[in-house]
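Visitor: Sharing a structure here in structure tokens format.
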Amino acid sequence: MNQRINSYKMFGHNPKRSILSGDGTKLEVQSIFKTIQGEGIFVGYPSIFIRLGGCNLACNFCDTEFEDFKLIDIDQILNKVKNLSLNSKNAKTINLVVITGGEPMRQPIGLLCQKLLDQDFKVQIETNGTLYRSLPKEVFIVCSPKVGKTGYNKIREDLLPQISAVKFIISKNIVEYSIIPEVGQSAYDIPVFVQSMDQNDKRLNNENNELAVKLALESGARLSLQTHKFLGIE
């Protein structure tokens, strides 16, 4: 069954966690669940989410809980993904795995990605673009850049050629998030999405939606909606 949205959200209260090394046979995992991908390039696809623990940033609008994690063996992860991909008749009906967080690139995820690909899953990574890992070229990487102390963090040069799409979070009342910035996407003709920020305030959210639509029409960017929130699923 789809999991309901957790009412606890980070909102920048998470510790900034360090980058992990290792062979990737064990990963810090917050949760693994099946749902419908609610946003971005695979919106609407039945998906299995692997939510990894910890992040190297602490964004004060973060609407996800990712600190309640455990160190799990990769074989356990793969076994759970396989079981979740099967329907009531034991047929595989879910073919997309989304690895998110937190920040997935904080951990050595290359082995997990390759093993998922070997099992004929599509793999999508959601990252903030500040870290780099060497990943199989078949992996879809969606980058959602965040604002640092001096404006938007540029996407790492070594990551840019591998990115499938860039997603900008839009807020009318936070100046830094009220624009579509240049963070390296134009040089590689990377598709751009805009998505309104969820600020847990109906008036602010309506204003954010209006601005996101305006920016999409002005720039040609695609509008991304968090449809999973409308459906009440994670």
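Backbone N, Cα and C define each Cβ position, glycine as well.
Residues annotated as substrate binding site in Swiss-Prot, with sequence analysis given as evidence: Ile36, Gln37, Gly38, Arg51, Thr100. Feature annotation from Swiss-Prot assigns domain 'Radical SAM core' to 42-234. Annotation comment: Swiss-Prot describes Cys55, Cys59, Cys62 as [4Fe-4S] cluster binding site, evidence class sequence analysis. Residues or ranges marked as Mg(2+) binding site by Swiss-Prot: Thr64. Look at Swiss-Prot and you will find Gly102, Ser144, Pro145, Lys146, Gln195, Ser196, Met197, Asp198 tagged as S-adenosyl-L-methionine binding site, backed by sequence analysis.
So that I understand the layout, could you describe where these features sit and how close they are to other parts?
Guide: According to DSSP, Arg51 (substrate binding site) sits within a strand segment.
Taken residue by residue with DSSP, Cys59 ([4Fe-4S] cluster binding site) is part of neither helix nor strand, so it is coil.
Taking all protein chains in view, 16 other C-beta atoms sit within 10 angstroms of the C-beta of Asp198 (S-adenosyl-L-methionine binding site).
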Visitor: State, in Å as a whole number, the widest CA to CA span among the S-adenosyl-L-methionine-binding residues Gly102, Ser144, Pro145, Lys146, Gln195, Ser196, Met197, Asp198 given in the record.
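Guide: Taking every pair of listed residues, the largest Cα separation comes to 19 Å.
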Visitor: Counting Cβ atoms within 10 Å of each candidate's own Cβ, which of the binding-site residues Cys55, Cys59, Cys62 comes out highest?
Guide: Cys55
Visitor: Tell me, in order along the sequence, which binding-site residues from Ile36, Gln37, Gly38, Cys55, Cys59 have their CA within 10 Å of Lys146 (S-adenosyl-L-methionine binding site).
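Guide: Near Lys146 (S-adenosyl-L-methionine binding site), where near means Cα within 10 Å, the binding-site residues are Cys59.
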Visitor: Take the C-alpha atoms of Gln195 (S-adenosyl-L-methionine binding site) and Thr100 (substrate binding site) and report the distance between them in angstrom, rounded.
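Guide: That comes out at 17 Å between the alpha carbons.
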